[in-house]
Amino acid sequence: MVLVRLLALSLFHVCLVGCQPNSSQQASSPPGEQSPLGTDKLSFPWSRLRLPRYIIPLHYRLLLHPNLTSLSFTGSVQIQIDVQNNTNWVVLHSKGLQIFNATILNQNLAHLSDQVLPVLHNPSHEQIGIFSPRVLSSGQKYFLYIEFGAELVEGFSGFYKSTYKTSTGETRTLASTHFEPTSARMAFPCFDEPIFKANFSLRIRRSQEYISLSNMPIVKTFEVNNDLLEDRFAASVKMSTYLVAFVICDFKSVTATTSSGVQVSIYAAPEKWSQTHYALEVAVKMLDFYEEYFNIRYPLPKQDLIAIPDFEAGAMENWGLTTYRETSLLFDPLTSSVSDKLWITMVIGHELAHQWFGNLVTMEWWNDTWLKEGFARYMEYISVEATYPDLKVEEYLLHTCFAAVGHDSLNSSRPISSPAENPTQIKEMFDTVSYDKGACVLHMLRHFLTDDVFQSGIVRYLRKYSFKNARNQDLWDSLANTCSEEDFISGKHCYSSGQATKNAYLFAGEHLDLTAMMNTWTLQKGIPLVTVTRKGPRLLLRQDRFLRTVLPSDPLWPTLQKGFLWHIPLTYKTDASSTIHRHLMTTHTDSIHIGEEINWVKVNTDMTGYYVVHYEDDGWDEMTKLLRENHTALSYKDRTHLIHNAFQLVTAGHLPINKALDLIGYLQYETHTVPLIEGLGYLETFYRVIEKRNEPELTHNLGMYILRFFRAVIDQQTWSDSGSVSERRLRSEVISLACHLDDPPCLEQAHQSFKDWLQSNGTLNLPTDVAETVYSVGAQDDHGWTSLLHTYNVSLSAAQKYKILFALTCSRDTSKLERLLELGLEGTVIRSQDLSSLILMVARNPRGHHLAWSFVKKNWDTLVKKFQLGSFCIRNILIGTTGQFSSPEELAEVRLFFESIKEQTSQLRATQIALDNIQKNVRWIQRNLETLRNWVNEQMK
């Protein structure tokens, strides 16, 4: 699953097999008739959140009949089960379903009981228990048959309703599914845990004006009665319930075939069909690439990609039927920017990587969500670099790792592999740690092991666990080329686990225990800070936990450092040669011989390692000097890494802010876009925090300094879509910031472009790289704002709508901002799926930042109902609206609100992250505001 595109902003194990069911918990009986056996004499047989492991589902035969007029559905499921303990009970998942009846049949399809079987409900665990008067015998297979029904969900999980408007204003309805992580149980009763892989045979009934899609192709369609058709789909491969998908819609498609014969189709609302062609090209290329890279054929005959008008996430990897937000799949050459194109390419790369990582091999439990999400995020970079090198995707990997560092340097972070039991905790696993840190740790590992060893190791992992489940350890064993004694004896090309420690990759001549090393990255939270000091011919090294919320002088510091140690694959370069030197640091302190004659040393070459570097004594002065005198001695990645680390160290209290600001002084000579955007990004961040405080003079002076410092870069920009991807990305960023800082030439050009666009009645196509800025400037007066809202309403381009929505939130009129928030809450003009992004956009606006927070507090219960507690939408709303608060009063006020909702949020990590963020900002202001003021005044003389 891909999360929504945002503004730049120990293993737990429970033995269930053979455990005796607990009979102490009462549960509600199902609605409808009282069963002859009577549920009043029975107690719910199972007290745990995780299902018993002694009933294994083998095959689901599922019939569904959705009614898109009454917005409800009925269905039946026959589940073949393998019973591994004698029992009278079958416990499985069901949420929000009305169970009409349930029966159990033997292998000959004969009923075990002539009575209606009691069905007990345990809503708090989203489980039902079906009682069989006759014992189900260990070693036997049975069929569980259940009839059920429900309303189509008003939301984004389970089997839900979506709508779209045609250009004539007609509203059309479709029904779609989103099951990850725990919502298959909302569409049909099932064993809704990743380990219960089974085959699925689907039948869907629909009226003739619709089509139905699912994981597999349709093998037969026949008429049930006059207007009702039934589509029968081929049986699926063995897979987890969260990957099942079906859609009933009236969409149109475009189709092509991969070199190995897989049929690929892109589906969208009929009037958006013309926007599907780029995605088709990408999907075909990507599937061909992955089949070759993984050396494993894609196991299904087809792969459909469909743009769903209402979709909470960015996309979802359902096997053979991947679902997307429209902005993640549809490319309109007239309104989609180069950033939109890159986003679509990466999202498709992510979801198709999942067809192997996640679908073919699935984590045993959600505590290892990173095994699929970290891999899919990392494979975005590998696949796009291979298939679309002109998109320069490698320039974005640094920012993925910077995002991970930002999160991981707060005390509220978590280990990559973390316990998660209930649905809220499981939803929270889909976060920066699983995705971005997971990808960066894999990037470090790939560079450490070399590309070939990494690739052959993951192919070995995928082959060994195909159609099965895996854990962290299985990945390390595959990468280290180890295996079970049985595999070893059978002559497979691997080492026995007993030889694992001897199987040492020679890394700078040292032996390596890969599991021990990787456990330091996945089983403990946080990121290391490596402090480097030159002492004669030696480089002295010290590792600590890097924290941005607590200073070394703080009494809490020793407690928060205790027990943390990483095995760090260090890399470094010196001025003596172009060689990348390597050293594995496994102790708190260490040293390396580099020689007396070395002038400079840069640690963590190209930021291939996941750690922050601090150059002690006059180390940062040396780096500043190097950048001023000969910045091209370092790669653009190293230059960007230095800028990032310097400002992170400022926040953590290890470096004065003026040193970091002096370091980026060299940027007036910089020609590469990535370090330019990094340096500009920090100055913009400071500006955006300070403009939200009562600091008019500093806000003005800092804005003037930024415009003066980057004048040459600003003046070089053309208001067009010409140039390389990197140049176009820089253009978008620079022109946007210049107009935000009220740069007269920028505002003049934007006003003129907006006027031309208005006069053309929207027929003029603005250059896509600057359209958002032009709209934002145009939205400042009433007529412009109203015209944009009208265009937003009628536009058929999701990319254009996103740019206009951002522009509308740039208004300085708070009544307009309030109106937007109300429209988002109401959900018709601005869809509910865009509400969390809208709230964050309003919060970015200095006039809207307290407004957005007040809106969240006032509408908290409604927001939780819309998005569910553990969702990334709720997380983004909580962290995003408070992210630029920087006063002790704001911190106290947020804490008070969290206290008032603690019954809901006690299990949420997001509230602690939000508080950590504000605490970090408060300390940053206390430590750096005056120094920044003096430094800016000095520059302005």
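The backbone N, Cα and C atoms fix where each Cβ goes, and this holds for glycine too.
Keep in mind it's a predicted model, so treat the numbers as computed, not measured.
The feature signal peptide is assigned by TrEMBL to 1-19.
Positions annotated as domain 'Aminopeptidase N-like N-terminal' by TrEMBL: 57-243.
Taken from TrEMBL, the feature domain 'Peptidase M1 membrane alanine aminopeptidase' applies to 278-483.
The Zn(2+) binding site feature in TrEMBL is assigned to H350, H354, E373.
Within 10 Å of the C-beta of E351 (active site, proton acceptor) there are 29 other C-beta atoms, taking all protein chains into account. The feature active site, proton acceptor is assigned by TrEMBL to E351.
The Cβ neighbour count for Y435 (site 'Transition state stabilizer'), using a 10 Å radius and every protein chain shown, is 26. Positions annotated as site 'Transition state stabilizer' by TrEMBL: Y435.
Taken from TrEMBL, the feature domain 'ERAP1-like C-terminal' applies to 600-919.
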* Structure fact -> CB contacts under 8 angstroms to H354 (Zn(2+) binding site), restricted to the same chain and 6+ apart in sequence, sorted by sequence, are M1, E317, K372, A376
* Measure from the Cβ of E373 (Zn(2+) binding site) and count the other Cβ atoms within 10 Å, all protein chains considered. => 28
* **Cα within 10 Å of Y435 (site 'Transition state stabilizer') - qualifying recorded positions among H350, E351, E373** => E373
* To do: Looking only at the domain 'Aminopeptidase N-like N-terminal' (57-243), report the model's average pLDDT.
  => 97
* Asked: How many Å separate the Cα atoms of E351 (active site, proton acceptor) and E373 (Zn(2+) binding site)?
  -> 10
* Asked: Given the Zn(2+) site residues H350, H354, E373, which other residues of that chain have a Cβ within 8 Å of the mean position of their Cβ atoms, reported in sequence order?
  -> M1, V2, E317, E351, A353, F357, G358, K372, F375, A376, R377, M379, Y435
